[in-house]
Amino acid sequence: AVLVLLCGSAATVVAWKWLSKRQIKKKMEEARRTRDEGVKKMAKIVQQFREQIPSVQTDAILSLPLVELTGRLQEGSLSPRTVLYAYLEKALEVTQQTNCLRHFIPECEEQLQEVEGRKEKGLLYGIPVSIKDHISHKGHLSTCGLVQCLGTPAQDDSVLVKVLKKQGAIPFAMTNVPQSLFNYDCSNPIFGKTLNPFNHQKSPGGSSGGEAALIAGGGSILGIGSDIGGSIRLPSSFCGLCGLKPTAQRLRGINPCLMHPFLNVDICSHPTPVPGALGPMARDVDSLALCMKALLCQEMFQLDPTVPPIPFNEEVYSSSAPLRVGYYDTDGYFPLPPCMRRAVQETRMALQAAGHELVPFPPPRIHYVMNELFLKSFFADGGRAWLDVFTGDVVDPSLKPQVNCCKIPRLGKKLLALILKPLQFLLLLRFKNVATISICRSVKEMWNHHHQIQVYRTEFITRWRQLQLDAVLCPVLGPAFATGYPGKLLTAISSTMLYNVLNFPAGVVPVSTVTEADEEDLKLYQGCCDDPWDHMLKQAVAGAVGLPVAVQCVALPWQEELCLRLMKEVETLSHEK
């Protein structure tokens, strides 16, 4: 009887798991079908427009920089309708090649009609804008690449989308993201993998990878992403775009995900000491500045009173006064490929030749920041909250290394910590918290952790002030990784995550491309200790000749205009070169 009972229980468990997997598969297939139907609908609308106006020169429209395009729209020499359909047509082409779109927004036609009927034209009048998957748009899902988020469409536009529409912009597409947003690859089990438009063997970066692929491919002129460890800056680096991570509170306006609190980490609503930030992505720095100017308006300040009412300071951005710029080409934690360090040194020399003052500025205690401050902020509970978002879901292969690490029982982690302790010096401590995630065992420990972040911010700002710096020039991770590698090299993001911990505005500007000489230098790359992770980094970035190479520019909190000013200077000098 006992044996029969056990067999019956086992059969019930197997049947339940089978039914659960079948239900998950059904939901995923339905989401893909809805996405595909939306694509077909947009293709039909674009075809109808082509038949109505066969003479329209879409290439000429797509080649216009944002500032020039807005001018043409404002004066009436181009119509919002023509511009929207030109970008819809190009977006269809780009997503067929890269799988960058999560969903078209059919309501863009209603917004187009509303914009065309306006007497007052906003700063983004008639501009098609793409938005990252988790930014709420009324009537559409914010999935985060998770099955559990497939059932509840947003009841209202997020504040950010409302402000974009107020300024005359037309949101027309939502872009793909990595599952749970916690990855700098761009793949999820529902909508699949997004590819780099310049090389389909490479990743576009993440978590704003769909945005980066769409803009770099020419299918969008302006996009909105989010960043909590590099999620705007890494895709911008991988895809040759300009991207800005502002001070976290400078732009707000995303409705919190109702499904799980951890998902709010990357959308700026979770009470973490390392806050996420919303920011623009585009093909040039002037586009970022125009977007910030449009968003930092009275409408934003009224809709979200938690946003400080600080309008964009055009005087700071347009200034031509010489800058005092700190610089470094490595943070000493995860040495970057030779081409990325070359980019910093070449940019430093160009800035000096242009009359700016460059000062060495090595950032303090990066091993401590990465291992104790950054990772501990998100895995203070040993990763349990993050693992919960995968309940009843299929884990994407790109995330399995991180998920498996978090699944190690606490006793197993302690034993692993003892085993690895003698090797920590050789590993430079950089994988201590990936394999044996440090946790906060009490509320007191959590408060102390928050306090230590504030202490480090004060230390960093003090050193900055002592050197009387206006801004900092530093490297960013790149060039684009081969797909699948970002999930294996989480701790390679030290170059970007530092400025999330500090909550400083930071932006990325492409300045060069990978050369044959860079590839030869890569063969000699040994990293910090020529260990398996250094070898993995070499494999990830190999075969990148012709791909973009970028640098990172940083300013103190609330000084986005100064950060953009340095970015513009770097962009101008790189174009002259």
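Including glycine, each Cβ sits where the backbone N, Cα and C put it.
Not measured: the values here are computed from a predicted model.
The signal peptide annotation in TrEMBL covers 1-15. Under the heading domain 'Amidase', TrEMBL lists 83-564. Positions annotated as active site, charge relay system by TrEMBL: K132, S207. As annotated by TrEMBL, substrate binding site applies to L181, S207, I228, G229, G230, S231. Look at TrEMBL and you will find S231 tagged as active site, acyl-ester intermediate.
Residue pair S231 (substrate binding site) / K132 (active site, charge relay system) shows a Cα separation of 11 Å. Note: the Cα of I228 (substrate binding site) and the Cα of K132 (active site, charge relay system) are spaced 14 Å from each other.
S207 (substrate binding site) is 9 Å away from K132 (active site, charge relay system) when you measure Cα to Cα. Using a 10 Å Cβ-Cβ cutoff, S207 (substrate binding site) registers 33 neighbours.
Taking a C-beta cut-off of under 8 Å and a sequence gap of six or more, G229 (substrate binding site) has these contacts in its own chain: Y184, F374, I493, T496, M497, N500.
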